[in-house]
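Structure, as structure tokens:
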Amino acid sequence: MKNYKFNFILGIASGVIFILLIVFTNGWMDLIHQMKNLQIEWIIVAAIAMVLYWIFEAKTLQSIVLLMKKDYKFKKAFQVTMVGQYFNSITPFASGGQPMQLYSLTKQELGAGSAGSALMIKFIIYQSVLTVYSLVLIFWKSSFFKAKMSNLFYLIAIGFTVNASVIIFLIIFSKYRKLTHKLITTFSKILEKLRLVKDISKLEMHINDNLDQFHDNMEIVKHSKAMMAKAVIYTILQLTIIFIIPYFIYLSFGMRGASIESMIAGTAFVMMLTAFIPLPGAVGGAEGAFFMFFSLFFATNNIMAAILLWRLITFYSCIIFGFYAFMKK
């Protein structure tokens, strides 16, 4: 919990430092002038889009869990989603989100195996859709970004390759029962040698029971085409919404003329590049990547304020509202 508190403070501190950077670069009056002259209706649209992003993620989770728990309510799925948003935002590599979502689901009286399989399925669907979505954008917008920033485009290709590799590993893990059991046994023996576990047989039995339940649930889900279709559609909508938020911010500055599909691609590439930055919320890296890509669209005097608005809407909102959901549970 101490680490979570430290990461929470780090996330908030990064926002304060970034505001101070803008102030020292352009001055208070320039920042105030830009904020006063925003077309506020587009900021409201961007904020609504962020709420819809959370809603579609919760709908994806609910549609999967309903196969295992017939009376699972959207309200519960939304709460789990927001807990995940909070811990994703304050932990390195967004590593804390899924364990805390697993904990939240078990508190909602879902078995650990069922909860784990639901989250794994959701993650596989999300990563698969993101990978295919990004591949389409790479082919569609490669010439535009290569012409503007050729060296950086190769980093995007690396990010895409890593994402695709993660998907392949997860599919193997979820499909091949014997291989999974063998990996778990090997891992358990390592823990035993390191003297991190006292009763290794009890641990293996517990893990294997949950793994059997996990694989059984995976089989049920695999044959539910209607659920898969819904989950994929929700995820496509979820990603499109988060990708389009910078365009709404762009419109709020009164600017016009930029291609909406290029800005959607830009956001996807920013997310791909920053997914592997080992800091909570990819602090520093996210702002830097946004600056590199979106300097192509925003005016020089607006780009820093645009980054601040983007992070407030897509990152700090997750910390604030996610923390509220976590405390309320």
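Every residue, even glycine, has its Cβ placed from backbone N, Cα and C.
Automatic prediction, not curation, is the source of TrEMBL annotations.
Here is what TrEMBL records for this protein:
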TRANSMEM  7-28  transmembrane segment
TRANSMEM  40-56  transmembrane segment
TRANSMEM  77-95  transmembrane segment
TRANSMEM  115-140  transmembrane segment
TRANSMEM  152-173  transmembrane segment
TRANSMEM  231-251  transmembrane segment
TRANSMEM  263-283  transmembrane segment
TRANSMEM  303-326  transmembrane segment
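Within the same chain, the transmembrane segment (263-283) stays apart from the transmembrane segment (40-56): fewer than three Cβ pairs sit under 8 Å, each pair at least 6 residues apart.
Taking pairs at least six residues apart, the transmembrane segment (115-140) and the transmembrane segment (40-56) share fewer than three Cβ pairs below 8 Å and do not count as touching. For the transmembrane segment (152-173), same-chain residues at least 6 beyond its ends with a Cβ under 8 Å from one of its own Cβ atoms are 120, 123-124, 127-128, 130-131, 134-135, 138, 142, 145-146, 179-180, 183, 269, 272-273, 275-276, 292.
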